């Protein structure tokens, strides 16, 4: 064997990890300016955030959404005596652009009036799950185009806030059945609605019963343990998981308390301040959805829930693209009997998309 042509050692065949070099000795390079570039681009394009609120009528869903974003996002439509109760679940959504300190947020809120209000609630979750999957399908149809937009409009539901009635007992069979299906399709954040109707002791006991029900029935709500990326995430998310479901109170009216204006509900016993942790846990819900985990909710939606849907849909496709802008996402037809001619299976024709990514909200 030629001594000059030695076989490489196992250690040398491995890809070495890149070293971190400091530029301070050679002068300023400007790498940190990338953050400024990203900030300018993000502020120009704005952000998209889509939430869904699910729960029975009268639990304060509309008020809670308005309290979260301190805007009249949704007008409450409590059915009166002369307004007939809808016979089927109907989904409604509204889109607003909220701007704060130059940052624009395109917020879409989907409401589910009629959920759980009927005598027979069998499969009342089908329209909700169908709507969630429909948004995944829309995004997929845009994504698989050969010529597609640089910025695909995102209508996927990033978070579903599930309002639990303040019964003080445990989760109902309807809640358990629906949550088992819902948590596999979207990020779910359960909350105890109208928590001011419970005492502090009743609220804590109710929370522990709900946590036990979720664990017993293998319902994994957001933030999921399996998605903690590092030690800091584990510490923060563990504290959040200990408090879920949050006991919340919504209010969209201001009152004077000790010379200051506060959001709250006025009762004959006093004023319930929604921003006061001694009164309710609304600040924890707001911080989770907006201040600390908004981008993480979007990332998990894209990388986990949408990815699972995309894999299933692409596995159903058994044909390659046959032309520009065309993708077959229909399942393959069954094999034709011997001696007969197989008819072509149905296919969905994807339209060409126009590039309008430069448009702002």
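Just so you know, glycine gets a Cβ as well, placed from its N, Cα and C.
Keep in mind that what you see is a predicted model, and the values were worked out from it rather than measured.
Swiss-Prot has this to say about the protein:
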- 55-62, 88, 114, 194-202, 250, 265: GTP binding site (BINDING)
- 338-347: compositional bias 'Low complexity' (COMPBIAS)
- 45-318: region 'Interaction with SEPTIN7' (REGION)
- 55-62: region 'G1 motif' (REGION)
- 111-114: region 'G3 motif' (REGION)
- 193-196: region 'G4 motif' (REGION)
- 333-361: region 'Disordered' (REGION)
>> For a quick check of understanding: among the binding-site residues 55, 58, which residue's Cβ has the most other Cβ atoms within 10 Å?
In response: 55
>> Quick test of the contact rule: Cβ under 8 Å, at least six residues beyond the ends. What residues does that give for the region 'G4 motif' (193-196)?
In response: 55, 59-61, 64, 163-166, 203, 247-249, 265, 267, 272, 279-281
> Using a 10 Å radius around each Cβ and counting other Cβ atoms from all shown chains, which of the binding-site residues 196, 202 yields the largest count?
Replying inline: 196
> What is the number of other Cβ atoms found within 10 Å of the Cβ of residue 199 (GTP binding site)?
Replying inline: 10
> Can you tell me the three-state DSSP label for residue 55 (GTP binding site)?
Replying inline: coil
> Which residue counts does DSSP yield for the region 'G3 motif' (111-114) in the helix, strand and coil classes, in that order?
Replying inline: 0 helix, 1 strand, 3 coil
>> Test of understanding: give the count of other CB atoms lying within 10 angstroms of the CB of residue 114 (GTP binding site).
In response: 20
